[in-house]
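Undergrad: A single structure is presented below for examination.
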């Protein structure tokens with residue numbers, strides 16, 4: 001049975017290719033060898049390309065420096081850390097507490113979806129989930145309970161994920177009433193010595209009166 005199949009196969013090969021069975025299988029083996037070598041070359045080339053790409057990415061991704069504690073700074077100073085300078089850390093504040101969000105630069109850095117929050121105290125905007133310029137402030141007065149709960153969730157998230165590096169210095173504005181009070185206080189302090197000076201005159205007069213009496217006794 002096997003012999004009949006082999007004889008039939010040889011006749012088919014000779015009829016359709018014009019080659020002897022030995023030549024046909026030799027050509028087939030050569031084609032397979034060429035295919036194997038070619039695929040091996042392309043595979044090694046792709047692996048080499050991927051390795052070079054990974055090495056290039058690792059070189060480009062510099063390790064983040066450790067967070068630097070800034071202490072107490074003003075809101076104006078905080079604006080310097082909005083990501084515009086890649087050499088400076090990326091900072092953001094919630095409820096006057098400043099956090100280093102450099103590790104999430106893809107979100108809070110330039111071009112990110114939350115880039116407008118960087119370098120600011122965005123408490124009100126986060127509570128209201130607002131991207132309006134007027135809400136980019138730390139003033140949370142007038143917010144409802146649901147908005148305050150949302151802000152609390154954001155604060156817990158930042159406390160657990162990012163390092164706190166400072167606080168925002170609160171500036172107390174000087175009102176007109178305070179200025180008038182200081183001026184009046186200064187005027188009163190200047191007026192006191194003037195009021196005290198006449199009290200010395202009776203003593204002088206008493207001493208002057210005493211001298212004639214002593215003269216008469218002599």
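Keep in mind that glycine also has a Cβ here, set from the backbone N, Cα and C atoms.
The model shown is predicted, which means the values in this text are computed figures rather than measured ones.
Taken from TrEMBL, the feature compositional bias 'Low complexity' covers 176-188. According to TrEMBL, the feature compositional bias 'Basic and acidic residues' maps to 206-218. The domain 'Cytochrome b5 heme-binding' feature in TrEMBL is assigned to 73-169. TrEMBL lists 173-218 with the feature region 'Disordered'. For 22-42, the entry in TrEMBL reads transmembrane segment.
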Undergrad: Just give the helix, strand and coil counts over the domain 'Cytochrome b5 heme-binding' (73-169), going by DSSP.
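TA: Counting residues by DSSP class gives 43 helix, 16 strand, 38 coil.
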Undergrad: Could you tell me the mean pLDDT over the domain 'Cytochrome b5 heme-binding' (73-169), as a whole number?
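TA: Its mean pLDDT is 94.
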